[in-house]
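Novice: The structure under discussion is supplied below as structure tokens; questions concerning it will follow.
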Amino acid sequence: MNPQAKLISSLSLLLGTTLTISSNHWMMAWTGLEINTLAILPLISKSHHPRAIEASTKYFLTQATASTLLLFSSMTNAWFTGQWDITQLTHPTSCTLLTLAISMKLGLVPFHFWFPEVLQGSSLMTNLLLATIMKFPPTTLLFMTSSSLNPTLMSTLAIASAALGGWMGLNQTQIRKTLAFSSIAHLGWMTIILIYYPKLTLLTFYIYSLTTAAIFFTLNNINTLKLSTMMTAWTKTPSLAAMLMLVLLSLAGLPPLTGFLPKWMIIQELIKQELTTMATIITLLSLLGLFFYLRLAYCATITLPPNSVNYMKQWQINKPINMLTTTLTTLSIMLLPLSPMILSIP
């Protein structure tokens, strides 16, 4: 990809994200979302492969539809209330339309069909942008309008996302699709607590982004896209393969790793809100995700994969592990002891 084009796309991503999260007017927030959409399209289709072109087309159509629906919901609210302020979304129809629009942008069930296909057709670094940075502006809009949203609708979307994300991830052999359904399941955890404790949604998103970034940087370092090639990753960088296992378990939410913190706090807050049944359901649904995380962790560290001898011979000097990958993997594993300090941040 042309360096100038990559620089323009990167700066446009930064501009669109900043514009959306710092705006109080719906038109400015919509403008930032549109800039983000147009900026990520060249990065998705940069390989000129048919799958990449298909992924960019699906992404554009979905995001354009969601942006149109978001603009329509804000116009409806302005028509009835005379307010263009994001925090003044009070009309019930506008709230419902906004929830559907943001769900489509994030990939919540039942608007999730585009997300695994787009990730499968993109490179690993583009996947990282799609799974983290591109989800931050819509999540911020949900955070700012959390007091006006319908709790029943949000809880339904959250439980459906947690269920389908865990269920559909069970039979995947492509790592990118597995991580896409993992993202959908984590979105369910973020959404279910949004009404009751919005700051906890942001904390969950931050820790999810940290852990996902560590996984994508590690996969990019060992050049792995499928379970069959992950089985031989230990022949290239044994230490990185072991760290990848721990990061995957952290993403699953196993104690005492970092990923346990948001799930623990979400369950605790749901119980405080007397929603014990909902907490029990989403906790049980997380066991589905735990299964394929354990399968990925097993494949990352297995020393005798069921492959031919010729396929096993991958001993080679790989590119050195950069400092960013090491830092991200360490934080995504060992951040839990710092949780009192994290929770004390206002």
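Using N, Cα and C of the backbone, Cβ positions are placed for all residues, glycine too.
TrEMBL feature annotations, pasted as is:
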type	residues	note
DOMAIN	23-288	domain 'NADH:quinone oxidoreductase/Mrp antiporter transmembrane'
DOMAIN	290-343	domain 'NADH dehydrogenase subunit 2 C-terminal'
SIGNAL	1-20	signal peptide
TRANSMEM	60-82	transmembrane segment
TRANSMEM	94-115	transmembrane segment
TRANSMEM	152-170	transmembrane segment
TRANSMEM	179-197	transmembrane segment
TRANSMEM	203-219	transmembrane segment
TRANSMEM	240-258	transmembrane segment
TRANSMEM	278-300	transmembrane segment
TRANSMEM	321-343	transmembrane segment
Novice: The transmembrane segment (278-300): which same-chain residues, six or more beyond its ends, come within Cβ distance under 8 Å?
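Specialist: Tertiary neighbours of the transmembrane segment (278-300) are 155, 158-159, 162-163, 165-167, 169-170, 172, 175, 178, 182, 185, 188-189, 192, 227, 230-231, 233-234, 241-242, 244-245, 248-249, 251-254, 263, 266-267, 270-271.
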Novice: What stretch, picked from 152-170, 179-197, 203-219, has the most CB pairs under 8 A with the transmembrane segment (94-115)?
Specialist: 152-170
Novice: So if I exclude everything within five residues of the ends of the signal peptide (1-20), which remaining residues of that chain have a CB under 8 angstroms from its CBs? That is, six or more out.
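Specialist: Residues packing against the signal peptide (1-20) from afar: 28-29, 31-40, 42-43, 46, 129, 133, 136-137, 140-141.
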Novice: Compute the average pLDDT of the predicted model within the domain 'NADH dehydrogenase subunit 2 C-terminal' (290-343).
Specialist: 69
